[in-house]
Structure formats: structure tokens, C-alpha cells
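In Swiss-Prot this protein carries:
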type: BINDING; residues: 10, 11, 12, 13, 14, 15, 39, 180, 181; note: ATP binding site
type: BINDING; residues: 14; note: Mg(2+) binding site
type: BINDING; residues: 95, 129; note: [4Fe-4S] cluster binding site
């Protein structure tokens, strides 16, 4: 099974991906996480350091694939999750999609691409050009990370459009949304009401999720010394269980941009109007 994780930049894709990878491993699966971001920090909380990238390794070998060994590019992370960082071209040059293609090509050359139960692609930001949509060419499922905000849901809608486009020629389905670190889910619910898709999980606003990234540890590793965090791990285990059940998934039908803008902005405006009316009523009551 191959999974591509997308979402707005800074939404917490890598943190979520690492914890999902651990959860899948806890369910007895052999897991490989591939970071598809020039920052090459996707697997940081699994390995505790920035591992060398595929592109760096290939460059050091003058792109002689026969000189590259699995241990040159595949690193063992926490929980027996294997880790690879694709890397990227120099800033302002080249195509990230090409890098993803080279990564998959090399893993196939090493007979490593098909030996895992689950391969998870963690893809940078909300860039949905043909290049960074490349992991969708290999994926069975796409998971979109979002929060309860306007920008994240707007990005999710654009990613849903990419899934629909790729599903024309590939056996790809959207597994669903994962809400990350959000105190509310009303806007998420409003969106999925207008654009039907599964919501796999909504994680509450837990500060330790953010702290884990800074510490370079997954929530599962932190929970080993702090049992109060075990309930957070259950969220990721729930996501893993849903994925392993091989859900039917959907081919989403995204909302046109202007229609979505109106839907989400009207929702915000109505909330503000209701809040103002409530404040006025309370003020009137106090005056009386």
C-alpha cells in the first residue's frame, strides 16, 4: 500500500506523517517513509537528525546507480520505520517531481520499493503542479492534512482537484481529511458538507504535538517517558486502523474556487455577526 500525504505548508504534515508511520509499524507493518521536500526534514522526528538525501547520494556517485547500496539512502528510524529523503533541486532551478521520480527509480533498482507493506510519501506544502503531484502517480491513497482555517481548507480543495485529475489515469483514491491541532471543526464540517469526503480524524489543539517537532521525537517516543501522552497516540492508531482496513476512498469533486471562497468567507462573517449581536444583547440587558 502506498499513501501520499498532502496539505498546506506548515500545517503539520511531517509530524502527522511520522506518527502515522509509527502507528502503522505498531500494527505490525513494515513501513518506509519518503520525504518529498527540498528541506529534507520529513523524517527528522523519526531519526533525530537530517539524513542525507537521495539526490546528494546520487551526485556523490556521479549518478551511477550501480554504485549505490540500500544503506547509503535508507535509514532506520524510531519504531523500525525506514526513512528516505528525496531532497530536491537547487533553489530556483529544476523540478521536484523529477527528484521524486529519481527516488522511486533508485529504490526499484535496489529492489526496495516493493518490499514494504506501506510506503508513505510526505509531500511538501500545497504545491500541486505536475511535478509535486508526482507522488500521486504511485499512491493508492491520498490523505490531506488540514485545520479548521480558511487557508488550509482552500489548499485542501486544490489538492482534492489534483486527486481527481490523477484518478483519471491511476487507481488513486482520497482516503480522507485529517484535522491537525484544531480546537474546533465547524469549518471542516461545513466544507465536507459541500464537498463530501471522509474525515479520518480531528486532533485537538495539543501543545505536545508542536513540541514533539522541536524535540525531534514522535509522540509515541515521548509517551514512553510520559504516559499522559498515550491518549494522543490513540488518534494516530485510529488513522492507521482506518488505512489498513483498505477503505473504498473517493474520487473527490472539488468546489470551484470562487464558490469555496464565498462558502468559507460567509461562514466566518455569519459567526462574527452572531457574536456581535450576542454582545449587543448582553449590553442591552446590562443597561436595563
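From the backbone N, Cα and C atoms, a Cβ is placed for every residue, glycine too.
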Item checked: Distance from residue 95 ([4Fe-4S] cluster binding site) back to residue 181 (ATP binding site), taken between C-alpha atoms, in Å -> 31
Note to self: Quick check for the class: what is the C-alpha distance, in angstrom and rounded, between residue 10 (ATP binding site) and residue 95 ([4Fe-4S] cluster binding site)?
What the structure shows: 21
Note to self: According to DSSP, collapsed to three classes, what secondary structure does residue 95 ([4Fe-4S] cluster binding site) have?
What the structure shows: coil
Next item on the list: Let me know the most crowded of the binding-site residues, choosing from 39, 181 and counting other Cβ atoms within 10 Å.
Entry: 181
Note to self: I need the CA-to-CA distance for residue 14 (ATP binding site) versus residue 95 ([4Fe-4S] cluster binding site), whole Å please.
What the structure shows: 21
Margin query: Counting Cβ atoms within 10 Å of each candidate's own Cβ, which of the binding-site residues 10, 12, 14, 95 comes out highest?
Written below: 14
Item checked: Pairwise CA distance, residue 39 (ATP binding site) versus residue 95 ([4Fe-4S] cluster binding site), rounded so that it is a whole Å -> 14
